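Grabbed the feature section from TrEMBL, which reads as follows:
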TRANSMEM  12-33  transmembrane segment
TRANSMEM  95-115  transmembrane segment
TRANSMEM  127-145  transmembrane segment
TRANSMEM  151-173  transmembrane segment
TRANSMEM  180-197  transmembrane segment
TRANSMEM  203-223  transmembrane segment
TRANSMEM  235-259  transmembrane segment
TRANSMEM  265-284  transmembrane segment
TRANSMEM  291-308  transmembrane segment
TRANSMEM  314-332  transmembrane segment
TRANSMEM  339-358  transmembrane segment
Amino acid sequence: MPSQTTTGWLKTRIFEVLFLLVCLAFGLFLRLYHLDTDLLFHRDQGLHSLSIWRIWHDQDLTLLGHPSDVDGLFHSPVYYYLMLPAYFLSGGDPVAASVFQILFEFLTLPFFYLGIKHLFGKPTARLSILFYAVSYGLICYSRWLVNVTPILPFSHLLLYSLVFNFPLLAFFSAGIITQLNAAVGVFLFPFLVFFYIKKFKTIFAGTTLFLLPALPIVLFDFLHQHIISRSVLSFSGQSGAGIGLNPLVFINNLTTFFVEINHLLIYPFFFFSSILFLIALVAFRHHHQRRLIYGFLIIPFLGLSLYQRGAISFFFISLLPLSLALISALIIRLPRALSTILIVLIISLNLSHLPHIYQPSNALIPIGNANIITLQDRKDIVDWIYQQSHGLPFSVWFYTLPYFQEEVWDYTLLWYAAPKYGYLPEKTTGFSPNDLTTSRYFYAIWEPDADHPARLEAWHQQVLANFSTPSADFVSHDLFVEKHDVFR
């Protein structure tokens, strides 16, 4: 007969597992709800999807990954090959790819839980998982189909490996993060060197593993006259870039970081979230793992700022899980009544924001423009065009953001339209009636351009000058299409 101690331990462990599973299930539900209709699908999503399509459909085993926001600087194709199984098994469905990203993130959350449990204790780990499940900011990131999103699961693995002393896994995870987004990951490397400073052999072996995910881009650089290296050197040599101390960059980055902290739990109350986070930083100054906590949060921030790199919001995504845990640990230390009130208020506040995600809307997703365009919108536009064409040939002219970067439409037509309708629009060298050889209809598709309205207006006037008055039109959120008959 088991002892009371054994029975109590077993009950505690069962409760712990059940609590974790319930939180994970709830968090998954919040992230997957309406994803099939509300998945935002813009330029980056189209570019990545098209590149992955070419790998599995055209056997284009590329060494070059997605571009960075620095001209001429690319990542290795880690993201493409990571996402390849999801696209291949689903026949190229971006919704399935997004579901894969979310599932991968949640499969690593037990590692995050164990790391926080070892670092701050079981109550903090439980609260961190609960907050993670309902976090408005993290839900927005999870539902963003882009190379940034998988940084979250690799950040969980990185934190776990640091807490439980798996240095090689830590370096490798940071290397993967760097190839997902260089600005996020590259400044984790100096932190790892700092953290393992007394272990030279570990740093040497770890550096090798950190660089391993970059091998494809290194080989590409070698085969193409060091074009990537020259881009890095060119950017570093620009005025206002490279190593230096720029107070404005530091202030901008600090503000951006605290905005991201605010998005975690207490959006939009910026002042309150900032005070809470600062108090948490001070409260754990004597923590036995303060070197890990402070080093992990401060060194990547300083590295980015001293390189005079102005931060975009997601540049700090790898710091968010530990930041959330730190706030959770502070709340756990408060008097029971106060902590209970705070927990209820924070959960209620985050849940109250969820309707903004499911409208759909951009919510807190940093997509680069304000237009609301989902994958379903693009499918609806395509369906309308083909239905209007009645099986007859047609051509299309797109106005996209950024201008002339039409990969998102190229992918939608390849993946969705061609299998469903059996043919693609006519390929043309220009967009005047004389350029169309077989088309019976011409369609102009555009989205609002708030930054350059005159450019959009000039484009639309050119359409009207070249073709007849529209015979039909259709709108889906921020996508517009006009049908023009081609007379011969």
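We count from 1, first residue shown onward.
Even glycines carry a Cβ here, placed using N, Cα and C.
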Report, as numbers and ranges, every residue of the chain located at least six residues beyond the transmembrane segment (314-332) whose Cβ falls under 8 Å of a Cβ in that stretch; write 'none' if there are none.
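Residues 112, 116, 119-121, 123-125, 127-128, 131-132, 135, 137-138, 141, 148, 151-152, 154-156, 158-159, 177, 181, 183-185, 188, 253, 256-257, 260-261, 264-265, 276-277, 279-281, 283-284, 293, 296-297, 300-301, 304, 339, 342-343, 366.
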Should the transmembrane segment (291-308) and the transmembrane segment (180-197) be scored as in contact, given a threshold of at least 3 Cβ pairs under 8 Å and pairs 6 or more apart?
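In this chain the transmembrane segment (291-308) contacts the transmembrane segment (180-197) - 3 or more Cβ pairs sit under 8 Å.
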Which residues of the same chain, at least 6 past either end of the transmembrane segment (180-197), have a Cβ under 8 Å from a Cβ in it?
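Hits for the transmembrane segment (180-197): 68-69, 73, 75, 78-79, 147-148, 150-151, 154, 158, 162, 167, 170-171, 174, 203, 206-207, 210, 291-292, 295-296, 299-301, 303-304, 307, 309, 311-312, 314-318.
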Could you tell me whether the transmembrane segment (203-223) and the transmembrane segment (12-33) have 3+ CB pairs under 8 A, leaving out pairs under 6 positions apart?
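They are not in contact.
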Other than its close neighbours in sequence, what residues sit by the transmembrane segment (95-115), given a CB gap under 8 Å and a spacing of at least six beyond its ends?
20, 24, 27-28, 31-32, 35-36, 39, 49, 83, 85-87, 89, 125, 128-129, 132, 142-143, 145, 149-150, 152-154, 156-157, 159-160, 162-164, 321, 375
Taking 3+ C-beta pairs under 8 angstroms (sequence gap of 6 or more) as contact, is the transmembrane segment (339-358) in contact with the transmembrane segment (203-223)?
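No, the transmembrane segment (339-358) and the transmembrane segment (203-223) are not in contact.
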